[in-house]
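According to TrEMBL, the features are:
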ACT_SITE  C76  active site, proton donor/acceptor
ACT_SITE  C187  active site, proton donor/acceptor
BINDING   D13, S14, Y45, G46, N77, T78, T188, H189  substrate binding site
Amino acid sequence: MKIDKQAPIGVFDSGVGGLTVAREIMRNLPNEKIVYFGDTARVPYGTKSKATVLRYSRQIVRFLRTQEVKAIVVACNTATALALDDIEKELDIPIVGVVRPGARVAVETTRNKRIGVIGTEATINSHIYRTYIQNMDPEVSVFGKPCPLFVSLVEEGWIKDPITEAVARRYLAELQEKDIDTLILGCTHYPLLRSMVGRIMGEGVTLVNPAYETAQALKRLLREQGLTSDGTEDEEFPYRFFVSDAAEKFSRFATSILPYNVERTQQIDIEKY
Ligand code: DGL
């Protein structure tokens, strides 16, 4: 199959969190167009089963294919953990998840071979980060900690709030005792709490942001496959946004974190796909 290198990248997440990944793609691959889908009607994925997250992810991929994307980024740690392997086998275009790029950089970063991972319950219980990390270096110990409340706190906009700080201190206390020198922010929302988490963990712990690493991995992948857009097309709307519910709320949140004014988000019925 011939893939059009000028086609957009499909990016999807369970909701707004994947915008942290879209933001890194915008910053690091400015010539690429994006079609973003946020499954705002069915968020959160982090508390759901593999069967459900896989069904949702397959529907979203079918929708993104209707937008003629040239590659797909699973901008959700939970969907990557529970659905990427299956979807990859069914696709004839490249697909990248957020877990492998984050795991790889964490392995390159750690000096004492002790890495912490924070994420949703589904991501941590899947042990996906541990599996990738120990495949790369079996000597590394991995300590996971689910931090489910972070998602709601970020969506509430309580990013610099004392309540969020108290929650973070409580979640992170366990990891502070593990002598880790590297911590993976293994959920899309957590890069927005980066400075708070960094302050609590202290200077001796390097934070890994899979969103940034995923954009770098996408850049390499497009280059290797000859799919890098040359950005010659003069697009009025290089970034298009679709959600399964509450489009206006999504547009406001997106505009607050992206280097782009999201004027319009289209609501679609994802169950049709
Ligand atoms: N996007 C999800 C993740 O990165 C967090 C929100 C959810 O639970 O759906 O795991």
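One-based numbering along the chain as shown.
Cβ coordinates come from backbone N, Cα and C, glycine included.
TrEMBL does not curate its annotations; it predicts them automatically.
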- Surrounding the recorded substrate site, with Cβ no more than 8 Å from the Cβ centroid of D13, S14, Y45, G46, N77, T78, T188, H189 and those residues left out, we find G15, G17, G18, V43, P44, C76, A79, T120, T123, V151, C187
- Taking every pair from D13, S14, Y45, G46, N77, T78, T188, H189 (the record's substrate binders), the biggest C-alpha distance in Å rounds to 13
- Message: Taking the Cα of C187 (active site, proton donor/acceptor) as the centre, which of the recorded positions listed as D13, G46, C76, N77, T78 lie within 10 Å of it?
- Response: G46, C76, N77, T78
- Query: Could you state the CA-to-CA distance between C76 (active site, proton donor/acceptor) and H189 (substrate binding site) to the nearest Å?
  - Reply: 9
- Near N77 (substrate binding site), how many other Cβ atoms are within 10 Å of its Cβ? 38
- Might you list, by sequence position, any residue in that chain lying six or more from S14 (substrate binding site) with a Cβ less than 8 Å away from its Cβ? G38, D39, R42, V43, P44, Y45, G46, Y56, C76, T78, A79
- Task: Tell me the Cβ neighbour count for H189 (substrate binding site), meaning other Cβ atoms within 10 Å of its Cβ, over all protein chains shown.
- Result: 27
- Note on the structure: Cβ proximity for T188 (substrate binding site), under 8 A, sequence spacing 6+, ordered by residue number, returns D13, G17, G18, L19, T20, V21, A75, C76, N77, V98, A211
- Task: Report, as a single number, how many Cβ atoms besides its own are within 10 Å of the Cβ of Y45 (substrate binding site).
- Result: 27
- Is N77 (substrate binding site) helix, strand or coil when read with DSSP? helix
- Just going by other Cβ atoms within 10 Å, which of the active-site residues C76, C187 has the emptiest spot? C187
- Local Cβ density at G46 (substrate binding site) - other Cβ atoms counted within 10 Å: 29
